[in-house]
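Undergrad: This is the feature table in TrEMBL:
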- A:64-111: domain 'NADH-Ubiquinone oxidoreductase (complex I) chain 5 N-terminal' (DOMAIN)
- A:128-424: domain 'NADH:quinone oxidoreductase/Mrp antiporter transmembrane' (DOMAIN)
- A:638-703: domain 'MrpA C-terminal/MbhD' (DOMAIN)
- A:716-793: domain 'MrpA C-terminal/MbhE' (DOMAIN)
- A:31-51: transmembrane segment (TRANSMEM)
- A:71-99: transmembrane segment (TRANSMEM)
- A:111-128: transmembrane segment (TRANSMEM)
- A:207-232: transmembrane segment (TRANSMEM)
- A:244-266: transmembrane segment (TRANSMEM)
- A:272-292: transmembrane segment (TRANSMEM)
- A:429-451: transmembrane segment (TRANSMEM)
- A:472-495: transmembrane segment (TRANSMEM)
- A:631-650: transmembrane segment (TRANSMEM)
- A:657-674: transmembrane segment (TRANSMEM)
- A:680-701: transmembrane segment (TRANSMEM)
- A:713-735: transmembrane segment (TRANSMEM)
Amino acid sequence: MFQVFCIFIPLLAAIFMPFFFKKISSIHTGWFVLVVPVFLVIYYATFVPAISKGDTIIEQLEWIPSLGISFVSYLDGLSLLFSLLISGIGALVVLYSIYYLDRTREKLHNFYIYLLMFMCAMLGVVQSDNMMTLYLFWELTSISSFLLIGYWNNRDKSRFGALKSTMITVAGGMMMLGGFVLLSIMGDTFSIRELIAQAPELVTNDLFVVALVLILLGAFTKSAQFPFYIWLPDAMEAPTPVSAYLHSATMVKAGIYLVARFTPIFAQSEVWVWLVSATGLLTLFWGSFFALKQRDLKGILAFSTVSQLGLIMSLLGVGAIAYHVEGAESSIFKYAAFAAIFHLINHATFKGSLFMIAGIVDHETGTRDIRKLGGLMSIMPVSFTVAIIGSFSMAGLPPFNGFLSKEMFLTAMISIAQFDLFNFSTWGILFPIIAWIASVFTFIYSFYFVFKTFTGKGNIEELPHKPHEAPVGMLISPVILAGLVVVLFFIPNILADTFIKPAVMAIQPFLYSSPEQINIHVAAWHGEITTELYMTFGIIALGLVLYLTLAKWQKMYNLFPSKLTLNNLYDFVIYELFDKWVARLSGQYMTGSIRRYLSYMLGSIAIIVIATLFIQDAFRVSFEDASPIRPHQIIVILVLVVGTITTVFAKSRITSIVALGLVGYTVSLFFVMFNAPDLALTQLVIETISVALFLLAFYHLPQYRKEEERTRFRFSRAFVSIAVGVMVTLVALSAHSQKFIGSISEYYKETVYSLAGGGNIVNVILVDYRGFDTLFEVAVLAIAGIGIFAMIKLRLSTKGDKL
Amino acid sequence: MKTNDVIMQFTAKLVFFIIFFFAVHLFFAGHYTPGGGFVGGLVTASAIVLLIIAFDLKTVQTILPINYINMVAIGLILALGTAAFSMFTGKPFFTHYYDYFNLPILGKTSLHTAALFDLGVYLVVVGVTMTIIQTIGEDE
């Protein structure tokens with residue numbers, strides 16, 4: 001039980017944060033928060049020996065057993081790796097934020113509650129085996145990310161960024177939920193493990209591809225893949241610890257996690273391989289290309305994150321090919337999954353440190369605009385060193401860990417070009433080319449980021465703050481991460497054996513039975529000169545040339561039409577299409593005119609009923625049991641028709657009222673003719689009263705509006721009226737022409753005296769057989785009377801003081 | 001100039017009773033012949049309206065000092081009470097009872113709890129109609 005409970009520890013801790021903030025205000029609240037991720041790191045580290053042997057540990061807490069929904073803590077290589085990343089980088093980020101956020105000026109309790117909520121949500125996402133709770137935690141990450149991006153909620157840009165990220169990620173989350181539901185329908189379970197076991201049967205299901213695409217949409221929106229990456233640059237309005245934590249190391253990798261987790265189910269499908277690898281590659285290129293356009297330090301890093309996530313995603317797509325090939329050929333694709341996990345770890349380390357450096361630069365100089373910065377190298381030597389390490393690793397240079405994973409990435413991309421399934425023989429050649437170009441751009445922006453900020457002359461005098469080296473506490477976290485960047489380069493195989501191989505087993509469970517079988521040895525130098533090494537040389541050479549001539553060709557970015565961007569598309573959809581067009585559209589029919597609404601209602605009822613009548617072939621006419629028509633009836637009907645026509649076409653209202661009275665009395669006459677004395681009596685009296693009330697209302701019409709004119713003819717209203725009339729006639733005819741069961745009135749006739757002690761069947765039905773109805777009709781009458789009384793006596797708006 | 005409507009007022013005094021007793025007849029005859037609480041109530045109300053037309057609201061209110069809203073309430077309670085009475089004896093809601101009695105003067109007569117229910121209906125109809133007419137009439 002404790003294992004499941006650990007997921008919720010951050011959430012429980014969050015409850016106490018306002019208390020710490022308000023009562024113990026002399027100590028920065030972050031110190032109390034720090035305990036939580038540190039504890040979690042230690043706790044999850046205890047699982048490492050077991051997991052690295054290939055074991056899985058599972059613990060379950062039933063939540064809604066009748067629906068098969070439970071909280072699960074499922075630890076295998078993949079989820080343990082993510083859990084350690086979340087808690088480890090979480091600890092470093094909290095430590096960093098203690099120095100970044102001011103104790104007295106910021107609402108720390110809010111900040112740390114959101115952060116802890118997020119931590120809980122991420123742990124839940126990566127450990128959930130149940131798709132419903134996975135979705136629950138997934139949305140919690142969206143919500144807490146929304147709150148964190150909008151943390152400085154008095155800034156317009158923060159609110160805009162928060163809204164944008166939420167719109168996109170929640171839309172994706174909804175798609176994903178749809179995919180989950182389809183999957184659970186196919187496999188009849190919410191458990192991912194059980195679905196993986198059924199994977200071979202699921203492929204043949206019709207819903208399979210739909211579920212695949214929906215789940216991928218969820219993963220792509222969360223992981224900022226093309227074309228959904230647009231929220232990530234705007235999310236940079238968040239405080240830098242948040243950017244470092246959410247938007248480089250953890251949340252954006254939730255989509256990566258999802259793709260990795262579902263690979264065993266979906267990798268059988270060609271669509272999956274193509275979508276994941278092509279989208280990833282396109283995102284990689286797009287992100288790296290547009291990173292150079294950015295002027296904001298965090299903007300560069302945001303595009304760089306987008307690009308690196310694309311890299312990991314494309315590797316996962318290529319890794320899925322391992323399901324389709326056998327023998328020696330497949331080993332290279334197994335390699336791709338390994339490279340994806342490896343780069344995921346590397347990216348978390350170097351991108352986390354780079355974000356922290358960007359935050360430090362912002363904090364110490366007061367600006368993040370790269371055009372104003374420069375020459376900070378001698379002032380901030382530690383930050384510069386960390387930035388150099390992070391950037392070189394991002395560019396893929398030795399001796400940093402990015403070099404190793406970049407080499408593996410190139411290897412995987414070269415091998416896919418030689419792969420001859422799913423049309424890869426035709427298009428596959430593009431993969432290494434695009435990857436190589438993207439890597440060149442990655443190299444350039446990495447240099448651009450670090451050297452434009454720290455070298456050159458710069459205008460140190462003109463910066464908003466006088467820059468100086470950051471406090472030691474703020475440097476601890478980036479230095480630790482940068483240290484890892486270097487260390488991982490030298491000991492990649494220890495990392496591989498403990499973390500990566502178990503994680504690869506989770507992605508490709510059919511291929512191995514224990515982590516030892518994964519026969520991959522990472523080495524900086526393979527002892528031979530391979531194609532990818534030449535490619536790296538090419539990247540460095542071309543990258544250096546392009547970087548040195550950057551000033552000449554960076555203007556090229558201005559050539560791109562500023563109107564045709566995805567951001568403008570988003571703005572158009574949200575603000576033009578939804579806000580304005582939809583408002584205009586609903587303004588078209590929601591006019592506030594009751595006549596119009598009546599036309600909609602009556603018209604649609606008429607159309608629906610008439611259509612149903614003929615679609616169901618229910619229309620019948622038969623005059624079999626119709627009674628003969630007698631002359632006096634014809635006369636009364638003529639009077640009725642004349643009265644009705646006069647009511648509709650009369651010029652003056654008083655004529656209409658009198659004609660209406662005529663209709664009422666004629667109806668009463670009908671009741672007489674059809675042997676309904678009670679009805680005739682009541683109709684007569686009621687008609688008199690209502691005509692009197694009409695006259696009363698007529699008398700009180702305001703003078704200035706009392707225009708004597710005919711009702712204007714409107715074609716649409718005439719159409720609706722005729723349609724309703726036709727409908728009622730057709731229904732009445734059909735209903736009369738086909739009676740399936742006899743009337744129950746025989747029973748009343750027989751028992752009216754013997755059981756009810758009465759002679760007037762109508763009245764006995766009213767007060768005895770069906771007295772219940774009468775009771776409430778009387779109540780209706782009483783309510784109407786009291787309503788009129790209240791309306792007239794209690795006119796608060798006009799005679800408020802008189803009451 | 002004050003109109004002299006002495007004929008109207010005199011006739012109204014006479015006709016009121018004719019209409020009222022006709023209404024009472026309609027009410028009591030309802031169980032065997034056309035009529036009943038609803039029509040009876042409406043006709044009673046029309047008799048009172050006749051008085052209001054012949055005299056005026058104030059006068060009629062002093063002649064018949066009835067709070068019609070209370071009348072509505074009493075009618076509803078009576079109707080509901082009659083219907084609910086049977087529940088106390090373990091019978092379903094709305095079970096009616098009737099029997100034949102030998103009454104002085106009237107002879108053999110059936111007494112039916114449905115008549116009590118109908119009386120409730122009658123009171124509500126009179127009350128509501130009069131409330132509506134009175135409030136609208138008083139309104140300026």
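Glycine residues also receive a Cβ, built from the backbone N, Cα and C atoms like all the rest.
Not measured: the values here are computed from a predicted model.
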Undergrad: Count the residues of the domain 'NADH-Ubiquinone oxidoreductase (complex I) chain 5 N-terminal' (A:64-111) that DSSP assigns to helix (H, G, I), to strand (E, B) and to coil, and report the three numbers in that order.
TA: 31 helix, 8 strand, 9 coil
Undergrad: From the DSSP assignment alone, can you count helix, strand and coil residues within the domain 'MrpA C-terminal/MbhD' (A:638-703)?
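TA: Its residues divide into 57 helix, 0 strand, 9 coil.
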Undergrad: Sequence-remote contacts (6 or more beyond its ends) of the transmembrane segment (A:657-674), Cβ cut-off under 8 Å?
TA: 632-633, 636, 639-640, 643-644, 646-647, 650, 680, 683-684, 686-688, 690-691, 694-695, 698
Undergrad: Count the CB pairs under 8 A between the transmembrane segment (A:244-266) and each of A:31-51, A:71-99, A:272-292, A:429-451, then give me the winner.
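TA: Per the Cβ count, the answer is A:71-99.
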Undergrad: Taking a Cβ cut-off under 8 Å, which residues six or more beyond the ends of the transmembrane segment (A:31-51) line up next to it in the same chain?
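TA: Tertiary neighbours of the transmembrane segment (A:31-51) are 6, 9-10, 13, 16-17, 20, 24, 57, 75-77, 80, 83-84, 87-88, 90-91, 94-95, 98, 112, 115-116, 119, 123, 498-499, 502.
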Undergrad: Residues of the same chain, at least six outside the transmembrane segment (A:631-650), with any C-beta under 8 angstroms of its C-beta?
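TA: Same-chain contacts beyond the ends: 656, 659-660, 662-663, 666-667, 669-670, 673, 710-711.
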Undergrad: Tell me the residue counts in helix, strand and coil for the domain 'MrpA C-terminal/MbhE' (A:716-793), as DSSP assigns them.
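TA: DSSP composition of the domain 'MrpA C-terminal/MbhE' (A:716-793): 64 helix, 0 strand, 14 coil.
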